[in-house]
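Working notes for the structure below.
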Amino acid sequence: MTLESPSTRLMTCQSSLLPEKPRFLSQKMWAPHLVVAYLIFVTLALALPGTQTRFSQEPADQTVVAGQRAVLPCVLLNYSGIVQWTKDGLALGMGQGLKAWPRYRVVGSADAGQYNLEITDAELSDDASYECQATEAALRSRRAKLTVLIPPEETRIDGGPVILLQAGTPYNLTCRAFNAKPAATIIWFRDGTQQEGAVTSTELLKDGKRETTISQLLIEPTDLDIGRVFTCRSMNEAIPNGKETSIELDVHHPPTVTLSIEPQTVLEGERVIFTCQATANPEILGYRWAKGGFLIEDAHESRYETNVDYSFFTEPVSCEVYNKVGSTNVSTLVNVHFAPRIVVYPKPTTTDIGSDVTLTCVWVGNPPLTLTWTKKDSNMVLSNSNQLLLKSVTQADAGTYTCRAIVPRIGVAEREVPLYVNGPPIISSEAVQFAVRGDGGKVECFIGSTPPPDRIAWAWKENFLEVGTLERYTVERTNSGSGVLSTLTINNVMEADFQTHYNCTAWNSFGPGTAIIQLEEREVLPVGIIAGATIGAGILVVFSFAALVFFLYRRRKGSRKDVTLRKLDIKVETVNREPLTMHSDREDDTASISTATRVMKAIYSSFKDDVDLKQDLRCDTIDTREEYEMKDPTNGYYNVRAHEDRPSSRAVLYADYRAPGPTRFDGRPSSRLSHSSGYAQLNTYSRAPASDYGTEPTPSGPSAPGGTDTTSQLSYENYEKFNSHPFPGAAGYPTYRLGYPQAPPSGLERTPYEAYDPIGKYATATRFSYTSQHSDYGQRFQQRMQTHV
């Protein structure tokens, strides 16, 4: 805005007061008047240089939010007169109170030249250009623009507060911010996250100042958007923080289905449970099940249970769930383990020599199968694929081929397919055949090749025959599925027939085939030999069976003899002492047997026969380690000790029983009676002068009469107290250790830990004997045995 000086305005005002020069008057007539006016103006301007009126502060552009207070300043210097404000050129009035404008008033000190315009509760109508004028001084201020900002009156999302949408169908969310000045800006949020891509437009209202903003956000709802909150925020300079409004989505969608199988891997024939888990909005109305595209009747629940077969591996099971919106179908295959099943069968093939042949065989199995092609009667694998390719085939390639499928740990299956190769006849009979002299014989000629032979002829010696009978010879032809058989039958086979070669020749369209067959004699065993061998084998079987029965019987009988006598209340204490020398006078053996001995014999008599029987069946080998073991072999049941004084009571002495024959090392096998029967075993040995130990041991002779049988002998009495010995040289009789000879012969020399020969080899056995663990070579033998029955 250009400021005008007071002199300039005055001149303008004065010039406007001058009358307009008539057009018809000449310029000379007005010249004096112009000069006078000019002189007056100059006089006035020069007369008032210090009292010039001017604006010290003029109104400026302002921006105010609707409802707020606005003040437009206006300050004049050297002026006392009327001041008024104009709004868009319209005078608001004079004075401080503007009655026509209740929200407007002039404020400030007039003495200070302040004529400020105050506007309270600014409205859109206050949005205008304002000017301050000093009327008497003919002064006008520059124009000030007052801009009133209007926030959006309303922010709204179409369709709220809940918008029902269809899953998968695109939809535009529309937000509107009404009557804002300036136009509002709209921002979208999805669950608090700002969204991009909205399209915004504005509409100008009729007042030309306010605008409505429209924003559209394109979404494609899914079932996951159910309950999702979208927020629209509108803002402008009047409301920097903006206004918000929100809506919630309700998405209708077809069922969302998950189909599961339990168990996931099964064998053919096992039971499987299908479970169809579904969520939908609105609610689910029902279920439908199908297999391989065919509806399964009576299956209308979320679970379907059935026994599976191999078809479930290739034909899917589907579950369809539906509601008002639509339906969802989910399918699955079952991992069924099953044996191979053929899909494409191999076909018999006939071809010519030199052609290429392809044999096809297709299997299915689970787990993945292994496929092999082999030729019959051969283990060579020709192919591992569904097809077997044979190039330039010959008649040797003809035959039966096997297509075998293997499913590990499940099963094996195979199919056979014949391959026929056209060619001359091939005779596959044995070159040497057999017959029995004097009986009827047959010579066979078999042709299995293709095509079948048209003619088959036999030739031998000077004879030729295709079919029929010639003397003793007859030819017959038989057709079968595998080929043609021509049989030459010979009646009453003779020696000359074994010296003849038989020629079998066959013809077909590809040529002839020939085979030479030799007939040999078959040896026939006489009927007597066959019958004898049969009878002998039968007898052998019978005897073997009888021996087995006898063996089992004896084992069972032996186990029954191991019994324990528990009810007899008999206690026998036996003390044996043997001095270094023996008495010379001994009483009769039968007289020396005490009453206790007879009692013991009576007790053991029931076992005597069985002991004698088993005596020859046992042979105990002395273990030299027992010599140094201190453990009681009876586990405490028998108290056998050496170097102990005899008790004063219940002592029974027994005479020594001695065989009259040559003395020898007597290591007889122990009794059959085991420890479980409750009876001890005490090994005893014959005694003789030291000189007798050098003789070669001989088998025992018969026992001396008068009670010399030592089988019931328990101990020997020490006759040292009688100072007499029954044998010459008894004073030098060496001590011995029970169970071991003191001075073994040269053939029996052993180290302390070296095993002796079997005891039964040199001596007989004495029942109820044990070796004393404490007897030594240099001390007197002393044995004490307590028996509790």
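Positions of Cβ are set from backbone N, Cα and C atoms, glycine also.
Of the cysteines listed (CYS175, CYS319), Swiss-Prot assigns CYS175 as the disulfide partner of CYS232. Of the listed cysteines (CYS361, CYS504), only CYS504 is recorded by Swiss-Prot as the disulfide partner of CYS445. Of the listed residues CYS276, CYS403, CYS403 is the one Swiss-Prot pairs with CYS361, by disulfide bond. The helix, strand and coil residue counts that DSSP assigns across the domain 'Ig-like C2-type 3' (255-331) are 4 helix, 46 strand, 27 coil. Looking at ASN172, ASN329, the glycosylation sites in this record, the fewest other C-beta atoms within 10 angstroms of the C-beta turn up around ASN172. The C-beta environment of ASN503 (N-linked glycosylation site), restricted to residues of the same chain at least 6 apart in sequence and closer than 8 Å, consists of TRP458, ALA459, TRP460, THR514, ALA515, ILE516, ILE517.
For ASN78 (N-linked glycosylation site), the Cβ neighbour count at a 10 Å cut-off comes to 13, with all displayed protein chains included. Under the three-state DSSP scheme, ASN78 (N-linked glycosylation site) falls in the coil class. Cα spacing between ASN172 (N-linked glycosylation site) and ASN329 (N-linked glycosylation site): 29 Å, rounded to the nearest whole number.
Taking the Cα atom of each, ASN329 (N-linked glycosylation site) and ASN78 (N-linked glycosylation site) are about 95 angstrom apart. Helix, strand and coil residue tallies for the domain 'Ig-like C2-type 1' (49-147), in that order: 3 helix, 47 strand, 49 coil [DSSP].
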